[in-house]
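**Student:** Dropping a structure here in C-alpha cells format, bear with me for questions.
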C-alpha cells in the first residue's frame, strides 16, 4: 500500500464525506487543469475525463501516493452545466432546471503508482419543483450556488427544491460513497464501521 492518500479536490464536502467512512487524506491538493468541456463532449465523457485528469495531474507530482479525485456535473439532456460563473448564469441554470428532470453525474478516480487510473461513475436523476421568479431570485441572492455544478447545492437550501431523487445522495453532494469505498478497498485501504465511528466522535 502507498505511504499516503491524497485527495485531489478543494471541496470541503468531499473531505467531509470521506470522514463518514473513516478516511482522512494525508494531503488535500486540488488539481490545476482546464475544465472546459470539449466541443460535442457528452456529460458522461466529460465527467470521466475530468476525474481522470485531476487524478493524473496530482499523481505526476506525487507518484509514490494513492490519489483520489472526483468530478461532478449537472446535465440537462446533453447540455453540461458546470459551475456557474456569476449570478446571471446561476439564474439561467435555475430557470432551465425548474420543474424538470436532470441528471447529476459524479465520477471518482483512483490513481496509484504507474497503474492505469480506475474510474467509476455514479449517475443520478433529480427532479426540481417549479420555481417561481421570486424563489430563483432569493436563492441566487443567497450565494449558495457559488462553486456548485449546475448552480445549486443539495446539502443546502436547494434540497427543498427537489421533488424526486433517484440515486445516491452523497453522489449528488460530490462523492459517491459506495463507489469510493469500492475503489479504496481495491487499493488496499482498510475501511470499517468502527473507524468511521471513531472519526466522527473523536
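Just so it is clear, glycine is given a Cβ too, placed from its N, Cα and C backbone atoms.
Pulled these from Swiss-Prot:
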type	residues	note
ACT_SITE	71	active site, proton acceptor
SITE	13	site 'Important for substrate specificity'
SITE	72	site 'Important for substrate specificity'
SITE	155	site 'Important for substrate specificity'
**Student:** Would you say which of the recorded sites 72, 155 has the most Cβ atoms within 10 Å of its own Cβ?
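**Tutor:** Neighbour-count leader: 72.
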**Student:** Long-range neighbours only, meaning 6 or more apart in sequence with Cβ under 8 Å: which ones does residue 13 (site 'Important for substrate specificity') have?
**Tutor:** 155, 173, 174, 175
**Student:** Which residues does residue 71 (active site, proton acceptor) neighbour through Cβ under 8 Å, counting only same-chain ones at least six apart?
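**Tutor:** Once residues fewer than 6 apart are set aside, residue 71 (active site, proton acceptor) is near 47, 50, 51, 54, 106, 107.
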